[in-house]
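Colleague: Please find one structure pasted underneath; my questions will follow.
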Amino acid sequence: MKPDAHHVKQFLLRLQDDICQKLSAADGANFVEDSWRREAGGGGRSRVLRNGGIFEQAGVNFSHVHGDAMPASATAHRPELAGRSFEAMGVSLVVHPHNPYIPTSHANVRFFIAEKPGADPVWWFGGGFDLTPYYGFEEDAVHWHRTARDLCQPFGDDVYPRYKKWCDDYFFLKHRNEQRGVGGLFFDDLNTPDFDHCFAFMQAVGNGYTQAYLPIVERRKAMVWGERERNFQLYRRGRYVEFNLVWDRGTLFGLQTGGRTESILMSMPPLVRWEYDWQPEAGSPEAALSEFIQVRDWV
């Protein structure tokens, strides 16, 4: 089947609705929607839940942008895209909970297609989800990765290990020499064997996010925390900001190509702190995190 951008867009709009409904049901608060238009073509729906019962901030963004020509920053690496019109669409989300025992989560699914008359379209899917705990619980990481493995299984035995490794490699802070969290799945440039297969996989990843995350939220939401745990959470959130502003390709691409800044930076935690050369107390739960987030086979 030839690529069907309209079909993908309809799925993404439904996915945004579904994820927002499930997060809202878990939290008790509602999302506020901000619809926006892009002057050069397209637009989106940014939805944010703030200061809820569980989530300090949850942002779920849908965007669909199109144009007559790709920006130079994109065609420099992919000369075959020069002279083509393009469409890019996706759903991306980040959830920052109040409770430091609940991890931060991130998910993204996206589709890109570039066309010109008389030539085959160039298209691909990308996406994934990853988990960033502040306090490590083995059963949470195992559940997260088991959900990822199970949704990959129908697409081949090698899919989960390949995209898990890609996720571990991608969400790595080179300047800190540490992982951002316990990973999950990451894939990009997916266009084989055919459109239907790739679209089905992207849908499985998008639909799998709440199955992976919400049971962890339920398990941790009643745990009691205080100033010590909150301070550590805010300190570790600094790593999240560092990764997004220094290393994340999507953030950099969006900012460099005149994307909508408010939507791009919706992933940022609302509060964060840095402290010069801070070291956790030896033997403490905070000190245990650095070992917990080391790359390993969780399932």
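Cβ coordinates come from backbone N, Cα and C, glycine included.
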Colleague: Which of these ranges is annotated region 'Important for dimerization' in Swiss-Prot: 60-95, 240-275?
Modeller: 240-275
Colleague: If I go by Swiss-Prot, which of His96, His197 binds divalent metal cation at the same site as His106, His145, His175?
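Modeller: Swiss-Prot lists His106, His145, His175 binding divalent metal cation, and from His96, His197 it also lists His96.
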Colleague: Return the residues near Gly259 (substrate binding site) by Cβ distance under 8 Å, restricted to its own chain and a separation of at least 6 in sequence.
Modeller: Val65, Phe253
Colleague: In whole Å, note down how far the CA of Ser92 (substrate binding site) lies from the CA of His106 (divalent metal cation binding site).
Modeller: 8
Colleague: Checking the contact step here: among the binding-site residues His96, His145, His175, which have a Cα within 10 Å of the Cα of Gly258 (substrate binding site)?
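Modeller: Near Gly258 (substrate binding site), where near means Cα within 10 Å, there are no binding-site residues at all.
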Colleague: Measure from the Cα of Arg260 (substrate binding site) to the Cα of every one of the binding-site residues His96, His145, His175, then give the nearest.
Modeller: His96
